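J.: Take a look at what TrEMBL says about it:
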- 434-444: compositional bias 'Low complexity' (COMPBIAS)
- 423-444: region 'Disordered' (REGION)
- 12-34: transmembrane segment (TRANSMEM)
- 40-61: transmembrane segment (TRANSMEM)
- 73-94: transmembrane segment (TRANSMEM)
- 149-170: transmembrane segment (TRANSMEM)
- 233-253: transmembrane segment (TRANSMEM)
- 275-293: transmembrane segment (TRANSMEM)
- 305-324: transmembrane segment (TRANSMEM)
- 330-352: transmembrane segment (TRANSMEM)
- 364-386: transmembrane segment (TRANSMEM)
- 392-415: transmembrane segment (TRANSMEM)
Amino acid sequence: LGSCLGGVFKRTLAQSLLALFASSLAISLVFAIIPLCHNVVVLAVVMAVAGLAMGCIDTISNMQLVKIYQKDSAIFLQALHFFVGFGALLSPLIADPFLSDTNCILANGTANASSNLPHIRKSLVPHHPGNLSHYDLPMKGMVVTRVSYAFWIMALINLPVPIAVFFLLYKERMVPCFNGSSHPLLSADELALETRPGDRDELSTAGQRPHTAAGHEDLFSCCQSKNFRGVSFTYFAVHITGALVLFMTDGIVGEYSGFVYSYAVEEPLAVVHKVAGYLPSLFWGFITLGRLISIPVSYRMKPATMVFINVVGVLITFLLLLIFSSSVVFLFVGTASLGLFLSSTFPSMLAYTEDILQYKGCATTVLVTGAGIGEMVLQLLVGSIIHDRGSYSFLVCGMIFGCLAFTFYALLVFFHRMYPRPSPELDEASPDKAAAAEAGQYQR
């Protein structure tokens with residue numbers, strides 16, 4: 001829902017920055033409030049607000065990079081998603097010192113209950129939920145947990161982000177009370193890597209474009225039927241197939257990081273719990289490393305080629321994981337390999353799809369939403385299948401999702417071949433089409 005909401009604020013730079021400011025500030029407030037939630041309904045509402053804010057940030061940040069840099073956006077998208085992975089890797093390390101290995105409530109018999117916690121954790125795998133009834137933990141007493149500090153530290157770490165966005169709003173003369181004394185940080189031409197007339201039109205400040213035609217800058221103009229008149233079916237097919245590729249690949253990221261621990265501690269591998277706990281960190285670590293490597297690689301390699309390498313690499317990795325399913329060593333090697341191949345799929349697919357559509361469609365919103373839905377749905381699906389069919393189905397599901405991702409990518413390439421290229425006469429006649437023309441040449 002947050003990803004869809006972010007697409008509403010895409011039309012002007014002012015709208016995007018205001019939405020980024022509100023969303024990033026909301027995240028700090030949510031993390032500060034979470035330790036104070038003593039009711040599960042209140043906690044659910046607070047977490048829902050956090051999800052909306054994060055989805056909104058996801059769409060707007062990707063969309064603005066594509067809009068500003070256009071055919072050069074692949075490099076910046078890789079850098080953006082490197083920091084996404086870096087944050088996912090760093091935040092558990094910040095929280096870890098404040099997590100307790102013992103019961104957090106002191107009462108009579110706490111020592112005995114605490115000694116049972118390793119057995120309880122071992123029982124929290126899909127096939128043994130009934131074992132929980134054998135261990136009694138005190139529910140009343142003095143709370144000794146320090147986990148609240150982790151949330152408050154994360155709230156403080158995030159606080160410079162809304163401050164920086166507000167500063168950018170101020171410098172771009174978009175704050176109503178302070179729009180007379182500041183000077184813009186960069187002009188549109190300086191911000192982009194190349195001079196593009198389309199960029200000057202799209203990225204000019206609110207003061208330069210106080211009033212625009214209502215039909216053009218309406219918040220929901222992307223969804224208006226008049227924008228789809230005369231559009232070929234391949235326009236919709238590119239959106240749908242691109243979203244389905246990310247539905248599968250981001251779904252694999254979610255289900256693998258969520259269930260690789262449960263798979264490792266089950267038979268036949270039966271990895272020690274502490275060792276198995278390193279697998280999700282290894283996975284996210286190599287996702288982060290892969291995104292860092294992809295920044296210079298994307299400067300030399302086309303996004304379509306990178307996506308092809310990614311989906312084929314995911315397929316081969318899952319195939320080898322199935323073949324060597326009894327090897328603990330290869331599980332660690334395969335986890336690292338899978339992280340590398342999945343790392344750059346999202347930014348590369350986004351750059352590729354926007355390139356096909358000449359940076360004038362709603363592709364970013366559709367793709368980000370598809371990725372978010374896949375990450376949510378496939379985790380639920382795989383969790384239920386593992387519960388019913390056993391741990392081996394974890395790898396089988398990954399292989400099936402990988403095959404589907406490759407199939408949808410092949411369809412995307414097919415529809416790309418069919419997609420009409422921009423008319424040279426129209427591009428020369430209209431300066432507003434200059435950016436689209438450059439994108440079309442890059443595509444070819």
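Note: Cβ is positioned from N, Cα and C throughout, glycine not excepted.
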J.: Using a Cβ cut-off under 8 Å, which residues of the same chain at least 6 positions beyond either end of the transmembrane segment (330-352) come close to it?
T.: 62, 66, 73-74, 77-78, 80-81, 85, 242, 245-246, 249-250, 252-253, 256, 260, 264, 269, 271, 279, 282-291, 293-294, 297-298, 302-304, 306-307, 309-311, 313-314, 317-318, 320-321, 324, 363-364, 367-368, 371, 412
J.: Counting Cβ pairs under 8 Å that are 6 or more apart in sequence, does the total for the transmembrane segment (275-293) and the transmembrane segment (73-94) reach three or more?
T.: yes
J.: Between the stretches 40-61, 305-324, 364-386, 392-415, which wins on the count of C-beta pairs under 8 angstroms to the transmembrane segment (233-253)?
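T.: Highest pair count goes to 364-386.
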J.: The transmembrane segment (73-94): which same-chain residues, six or more beyond its ends, come within Cβ distance under 8 Å?
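T.: Those are 61-62, 65-66, 150, 153-154, 157, 281, 284-285, 287-288, 291-292, 294-295, 297-299, 303, 343-344, 346-348, 350-351, 354, in sequence order.
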J.: Sequence gap of 6 or more, Cβ distance under 8 Å, 3 or more pairs: do the transmembrane segment (364-386) and the transmembrane segment (40-61) meet that?
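T.: In this chain the transmembrane segment (364-386) contacts the transmembrane segment (40-61) - 3 or more Cβ pairs sit under 8 Å.
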J.: Give residue numbers and ranges for long-range contacts of the transmembrane segment (149-170): same chain, 6 or more residues beyond its ends, CB-CB under 8 A.
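T.: Residues 14, 17-18, 20-21, 24-25, 27-32, 34-35, 91, 94-95, 98-99, 178, 182, 185.
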